[in-house]
Amino acid sequence: MGSRASTLLRDEEIEEIKKETGFSHSQITRLYSRFTSLDKGENGTLCREDFQRIPELAINPLGDRIINTFFPEGEDQVNFRGFMRTLAHFRPIDDHEKNKDPNVSEPLNSRNNKLLFAFRLYDLDKDDKISRDELLQVLRMMVGVNISDDQLGSIADRTIQEADQDGDSSISFTEFIKVLEKVDVEQKMSIRFLH
Amino acid sequence: MGSLSIWRLTLVVFYIVVLIHGSSAAYGNGKTPTTSSPGQPSNPVHTFPAPKKEYLPVFQMNYPRIQIPFEITLWILLASLAKIGFHVYHKITVWVPECCLLITIGLIVGGIMYSVHEESPAVLTTDVFFLYLLPPIVLDAGYFMPTRLFFENCGTVLWFSVVGTLWNSIGIGISLFGICQIEAFGIQDINLQENLLFGTIISTVDPVAVLAVFEEVNINEQLYIVVFGESLYNDAITVALYSLFKYISQMDQVDSIDIFLGTADFFVVGFGGIMFGLLFGFVAAFTTRFTANTRELEPVFVFMYSYLAYLIAELFSLSSIMAIVTCALTMKYYVEENVSQRSCTTIRHFLKMWSSVSETLIFFFLGVTTVTSKHEWNWAYIGFTLIFCIVWRGLGVLVLAQIINNFRTIPFTFKDQFSMAYGGLRGAICFSLAFLLPNTFPRRNLFTTAAIAVIIFTVFIQGITIRPLIDYLNVRRTNRKLMTINVEIHSRAMEHTIAGIEDLCGQWSHYYWKDKFKKINDRFLRKVLIKDNRPQSSIVSLYKKLELQNALVLLDSNGGISGAPSLTSLQEQKPTKPETFLPEEVWSMQELLSKNMYKIHERTLTYTRHSLPNEIRTKEILLRRHSTIRKSMRKAGTWQTPAAAKYYSLPPTVQNLQPRLRLRKSSLTGDDDGDDDIASEINFPPARPRLQLRAKEPRRALQPPRNKLETVNEVRTDSRRTPMVDYENRGGSAMSENSKGRGTGTKRALTPMRQFGLFNEQGLKNKEKEDQMEMEEFRYTPAANRREEAREEASDSETTHPLLNRPMHQYKP
């Protein structure tokens, strides 16, 4: 597992990824082996079917949306860099990163970027607003069949009402951030990546 | 309800009376009152007054002949009726776990029997327990064990079961020995070996009790699998220690060679059990490969091979529990591939039934024998036993958890550790082991009494209080103040995301081994053990099972399709002006959400003792996915291209599909009803008339499933051989995407699931979608490529779908 990965992943690539995402060397190698094992076509990129082949994702209510986030705008394939870039959002925030100076671009796993990731799960048309319909879609995906459309509709209304401050009946990213300001997003949206 | 319960009580009392009467008849009468022949003196109670001359005996009773089966049946009935009775009183079952109630009833019945000076019923011996009552429960546990979870936690389970049991037994034994030295308690005659033996007996955590209690506590999966796995796998070390200490206790000296032999014995016992389990598991899997023509016997093979594994392990004094659990684990995967759907259901239901009956009987008998067996009570010994059990278990869990936390991805919190320690219930195994002690054993009765006391204590006190304690601990943790609806929804979304990403990354430490195993599995084992080797995954089998099992269930439950949300209607809703919501409304919304939002799938317990595994949530998700995809596809209008027609054209071999496909095409163009789309592609098997009702077009020909499978052929004629599956359409995202025409990759036509021919529900089709993930043979060509594919299709018609090789009777109703 380890040896195969390292022969295919050059060290300078690892360094680049490390700089961009902040993962450690061993984490990158491990994730690379996972990447290659998912890559059944063995062409160095993953397509959507490779993701869909993961059984647990199929029965995850938000599985499709998650898969979508890996693929940048309009593309069908994601290479390892892109894969790591998306995964980097879930890296736990290190303490020493919290006080970086604002001139450096925000690391991928900052709180803001994590929230942006979550926001994009809802916002498919990428207009930086979660409309009522988009919210309803996600709600419906997360909820069983016992809730009727009406109930769900009123829940969605209530959600928007709570969050909406500028009165446009949709949730913008700023409003989204505001609503979740007390939630420990750093912890909720982080995974302990194995070494 | 009150009258009903009274009725039940009278029934119960009636049964008890009959039972006692029956036993007394057997025990009391020396003679058997068979025929009322005039030659014998008139027999008491059973016969009519003796006739004056030899008439043909019209009415005769022969009780002893049927005595044993009769009593067994009555006991089973009584216990099961009692179980029904409990559920009448909901309030009780909320607080008191069922096993406690069963023991209570057993105590009552035992008390009745004792007062009538009856012996304990002949059916209850340790042999009966170990040979007949225990195997179904353990088999059920092994068969339904969540394998992935188990293997992830394998190390922890083994650690706790082996080292933990050792720790407990030796600790309790030595401390009790220390207590025995105190003269005031009058138990000095118990030597170290006997104490150690007793320590072994008393420290075994019992799977029956653990299951019974944890089931109701809604504990998280990790914890559950560890405690439950521990209870199963400590059998090996228990058996080893038991025989070691029993042997030693009958000798005066303990040499080091004995300890060494004891260790060797442990390994033999453990691995021997596992080997036999594996052996029989593979043999069973292999056998089911050939049972295509004897479908009715398939469950028999499953049960008999498992039982055989158990018995052979008992024969060699190996760990029979491990044998049967290993057998079930091994067998399940392959057997479920090979057997028919009905056999699968039968196996599951029978297992649940037998294990329920066994469990009921065990607790019931525990109560009865408590009253009817000989006791010797010694306050000091029993009291200290209790104390030491609790203390050592707590210490053991604490120390072991600290050590094993370093190796775990998900460490145990203190709350987890407390639950584990508190959930270590003793049960009937402990009791039977005590009973197994030879009668020549000094102080045997004391041990038996102590064992019973500990069992009753743990089951009652710990069983009853564990739920409030856990709730209390939970409540303290979660902070409900911040829960606005937004927070709740978004948090849940984030949790699902995290779960998904974790799964995506294969975040378990054993992934490497699983991958290796999978390779070996696919290359060798599957070829041998599964007929018509199909490259399938667990998801595919899950898909098949769900689809076939739940077709009718979905039909019944709230009208399936109509119950599923129609996203078209959602889209058409005009945005309403924001209303103000009353706080009660908000609160009820929050309740609604928290009850109905899917729990993150790692956190919920999928194995339940008293019912078949719950696949409702998966069904719902897949159903929903399918419905949204179907609608999005039609919205995108992707079916109306001429390539679509070509796409559905027949492979050269099957002609009679032609009319169906024409019909399908025509149905595509006009309808706006998702049901029609689904229905038009559905090939209902002829044997399911109910499904026909949902088919709205009478013109649709019912074709045998084979044809449907063969239509998949066309799908695969994409020579590009890259699977293109439209999953983006799930959740209705396709609607917005397709309507805006974004991205080349997003426009994909999702062909209707046609593989299995048993669809009547959107949800069933979703199962096929799962197939696609694993099986590259399912190709759904994107609309953009359909024309290409259509051109290539004519040339490439030899590729056969692996599903086509599946024997058709798989899908026989």
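Note: Cβ is positioned from N, Cα and C throughout, glycine not excepted.
Feature annotation from TrEMBL assigns compositional bias 'Basic and acidic residues' to B:779-794.
The domain 'Cation/H+ exchanger transmembrane' annotation in TrEMBL covers B:76-470.
Marked as domain 'Sodium/hydrogen exchanger regulatory region' by TrEMBL: B:564-655.
Feature annotation from TrEMBL assigns signal peptide to B:1-25.
According to TrEMBL, the feature transmembrane segment maps to B:66-86 (among others).
The list of residues near the transmembrane segment (B:93-116) in space but at least 6 beyond its ends in sequence, with Cβ under 8 angstroms from a Cβ of it, reads 16, 20, 23-24, 78-79, 82-83, 86-87, 208-209, 212-213, 216, 359-360, 363-372, 427, 456, 459-460, 463-464, 467. Per TrEMBL, transmembrane segment is recorded for B:93-116 (among others).
The annotation transmembrane segment is assigned in TrEMBL to B:128-145 (among others).
The transmembrane segment annotation in TrEMBL covers B:157-179 (among others).
Listed by sequence, the residues of this chain that lie at least six past the ends of the transmembrane segment (B:223-245) yet keep a Cβ under 8 A from its Cβ atoms are 138, 141-142, 145-146, 149-150, 153, 156-158, 160-162, 164-166, 169, 193, 196-197, 200-201, 204-207, 210-211, 214, 258, 261-262, 265-266, 268-270, 273, 317-322, 325, 412, 416, 419-420, 423-424, 429, 433, 605, 607. The transmembrane segment annotation in TrEMBL covers B:223-245 (among others).
As annotated by TrEMBL, transmembrane segment applies to B:266-287 (among others).
Outside the transmembrane segment (B:307-329), and at least 6 residues removed from its termini, the chain residues within Cβ reach (under 8 Å) are 130-131, 134-135, 138-139, 141-143, 145, 147, 150, 207, 232-233, 235-236, 239-240, 243, 268-270, 272-274, 276-281, 284. For B:307-329 (among others), the entry in TrEMBL reads transmembrane segment.
For B:379-401 (among others), the entry in TrEMBL reads transmembrane segment.
Annotated transmembrane segment per TrEMBL: B:422-441 (among others), in sequence order.
Among the features that TrEMBL reports, transmembrane segment is placed at B:447-470 (among others).
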Do at least three C-beta pairs under 8 angstroms join the transmembrane segment (B:422-441) to the transmembrane segment (B:128-145), pairs 6 or more apart in sequence? yes
Intrachain residues whose Cβ lies under 8 Å of the transmembrane segment (B:379-401), provided they are six or more past its termini: 159-160, 163-164, 167-168, 171-172, 175-176, 179-180, 182, 184-187, 198, 202-203, 412, 416-417, 420-421, 424, 426, 446, 449-450, 453-454, 457-458
Which value does the mean pLDDT take for the domain 'Sodium/hydrogen exchanger regulatory region' (B:564-655) in this predicted structure? 52
